[in-house]
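Participant: Got a structure for you, questions after.
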Amino acid sequence: MLLSCSRVAGRLGRSQPPPNARSVSIGVLGAAFDKGQTRSGASLGPGAVRQTGVLKDLTALGHTVRDLGDLRLQEAVPAEYRAEDGRARMKNATSVGRFNQQLSERVSSALGQHDVVVTLGGDHSIAIGTIHGHGQTVRHDKLAVLWVDAHADINTPLTSDSGNFHGKPLSFLMRGMEAFHLDLPDLRWCKPCLHPSKLVYIGLRAVDPLERVAIQEFGIRAYAMREIDRLGIDKVVEMALDQLGAGVGADSSLHVSFDVDALDPSEAPCTGTPVRGGLSLREGQTVMEEVCKWGTLRSMDVVEVNPQLGTPQQAQYTADAARHLLLATFGRYRGGNAPEGSQLPRPEIKPDPRTHPH
């Protein structure tokens, strides 16, 4: 297992804090890209999350953390591709395709050097690159994706009302959806790498009608907020990871894609497409604590933090929510973590000169 912080039972049945997560090497990459939708500012998300001090906090948990810098689109796009099919709705297809090809290569390379790669978005179109890059390092039947989001993000250019690519990444990644796609020159490199049975949603509450058709036709397991209300977040995450084959002792290679709009807007106000009735921060932390517990995580995105969509205080609040999610992922226990091998200090006892005469 790559990352594990299993819970242990204490004496008399009392719950005890988990042991600290095993130390791992974490590569942190910024995907400073916001062309997958029309609201500028998501490209500032990586910097906003870093400014919370999360990399220092992860190091304090005992992990080796390397900041891999930010990836940006390296070349100007002279003209965006326009499809001949008049039904197609897509914005910035050339930019999205070129950026994600670079991102896929960076993630694939980083996974060869680190136990876990964390990508800070950026809008959710960057998942095309991160998941594809992960998929290049494992057999496709081993790649598993937990998608935590208010939205299903499985539209195609023929089903999307907005044309925004941050609502389409899974349709480019999932095997079986090739027949529903146009031939987009700048996305030909993206060969589907994810089997529908290895994708599970948590947190859905804003799903387009034809996205629901895709979920049903491909038999994708989806836990909407209704199921979370009924079953509880602990049970939902347990079932999700079991479905993915990402439980203890499994050999799946897990990717978690966490859109901060999965959280209720009261928890993460600075995001592009907020939807009321979402996860509490505590529920989001529970999801990632359980991921940590199972120990099969290899890569992760935290996306759609947009500091420009609110006051400075709201922007900091949203970035700090992302920080809490990342710390939960890597073993921070909300009841406190004891430094490994530490003991309470005892006072020094000096000899009493009356009982130890010279």
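Cβ coordinates come from backbone N, Cα and C, glycine included.
Pasting the feature list from TrEMBL:
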type: BINDING; residues: H124; note: Mn(2+) 2 binding site
type: BINDING; residues: D149, H151, D153, D259, D261; note: Mn(2+) 1 binding site
type: COMPBIAS; residues: 347-358; note: compositional bias 'Basic and acidic residues'
type: REGION; residues: 1-21; note: region 'Disordered'
type: REGION; residues: 336-358; note: region 'Disordered'
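Where in this structure would I find these features, and how exposed are they?
Facilitator: Secondary structure at H124 (Mn(2+) 2 binding site), taken from DSSP and collapsed to helix, strand or coil, is helix. The Cβ neighbour count for H124 (Mn(2+) 2 binding site), using a 10 Å radius over every protein chain in view, is 31.
In this structure, D261 (Mn(2+) 1 binding site) is part of a helix by DSSP. There are 27 other Cβ atoms within 10 Å of the Cβ belonging to D261 (Mn(2+) 1 binding site).
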Participant: Tell me which residues of the chain lie with their Cβ under 8 angstroms from that of D153 (Mn(2+) 1 binding site), as long as they are six or more apart in sequence?
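Facilitator: Within the chain, D153 (Mn(2+) 1 binding site) has Cβ neighbours under 8 Å at H124, A127, W147, H166, G167, K168, P169, L170, D259.
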Participant: Far apart in sequence but close in space: which same-chain residues, 6 or more away, have a Cβ under 8 Å from H151 (Mn(2+) 1 binding site)?
Facilitator: G167, L204, A206, V207, D259, D261, T273, V275
Participant: For the recorded Mn(2+) 1 site, whose residues are D149, H151, D153, D259, D261, find every other residue on that chain with a C-beta no more than 8 angstroms from the centre of their C-beta atoms, and list them by sequence position.
Facilitator: H124, W147, V148, A150, A152, H166, G203, A262, T273, E304
